[in-house]
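Please read the structure below before turning to the comments.
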Amino acid sequence: IDTWMAMPITIPSVTAAAEPEEPPVLSEEPQPEDPQTEPPTSEHPLAEAVLEELRVSSITPSSVGLQWSVPKDPFDSFTLQYRDAQGQPQALPIDGGSRSVTVPGLSPSHRYRFHLYGLRGKKRVERVSIDVVTATEDPEDPRLPSEEPQPEHPQSEPPPSEAPPARAVLGELRVSSITPSSVGLQWSVPEGPFDSFTLQYRDAQGQPQALPIDGGSRSVTVPGLSPSHRYRFHLYGLQGKKRIERVSIDIITEEPEEPPLPSEGPQPEHPQTEIPPSEAPPARAVLGELRVSSVTPSSVGLPWSVPEGPFDSFTLQYRDAQGQPQALPIDGASRSVTVP
């Protein structure tokens, strides 16, 4: 009787002990595969291009200059996005080789948040942002340009102790191009440098205009002018916010072009038939195909090539949304342009 009662006690105890030992072993085997499947290692190598901090290089009541660096592999292009004073989104396409940009058309004393995206192909792979408040309107600016003893004022007004040594010198202001609606200007800096420049003039309605320019620039194109109109341009060299040099020039824009700019049709043939054969230059300069590099709701980027050349300059012509002809002068060395 004792042996029969012992057997049913020992048999279930053996089977109960054998079952719980297996699961721990099975659960440990698949573990080495988990760390390989969780992190998407295939996506990490894409993050090779790195954007450094977005910094402010200049601030005026109507513009902001921004700078950045790319310590690692370059980007194909950049896009700067922000909202204007009316809250409308704006996108500014920027060439992949650029490390700075000036954003015009802003409102005084307004807070803007700028986002700079670095793109590989059409994919955004990096972003840096910054908040900037534009400067308040300078009460001197409305009286700005036109005539006269302005170069002497900056020298006589500041106390002698604040005046910096006259080491930065502006060379002569020269004309590089003239069209009915724009003027290209160039200058040199024999001694310097300047922190920035400001070009001032009055428009055809007599309203003062001020165009901020980066301190590294030596040329500028002034658009939106009127045909056959006389303008006086004043270029100021600044150190900090102080004007220490000024050069000026008087220019009359060209007469309007005969028929309004080309749109459709066989226009490219007209210049060849109108120019007398004796004046036609040898056909050595050749333009490659005009292509699209970027498109946003408010701008288009266009690149082209010059298989044979060179050309002295280019002019991009188009009609705006109101049907008005527009002409954008471009330097002869350029191979791309963004139409804002």
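Even glycines carry a Cβ here, placed using N, Cα and C.
As the structure is a computational prediction, the values presented were derived from the model and not from experiment.
What TrEMBL says about this protein:
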- 9-45: region 'Disordered' (REGION)
- 12-29: compositional bias 'Low complexity' (COMPBIAS)
- 50-139: domain 'Fibronectin type-III' (DOMAIN)
- 82-105: region 'Disordered' (REGION)
- 130-166: region 'Disordered' (REGION)
- 141-155: compositional bias 'Basic and acidic residues' (COMPBIAS)
- 169-257: domain 'Fibronectin type-III' (DOMAIN)
- 251-290: region 'Disordered' (REGION)
- 259-269: compositional bias 'Pro residues' (COMPBIAS)
- 286-340: domain 'Fibronectin type-III' (DOMAIN)
- 311-340: region 'Disordered' (REGION)
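Broken down with DSSP, the region 'Disordered' (82-105) shows 0 helix, 13 strand, 11 coil. The average pLDDT for the domain 'Fibronectin type-III' (286-340) in the predicted structure is 85.
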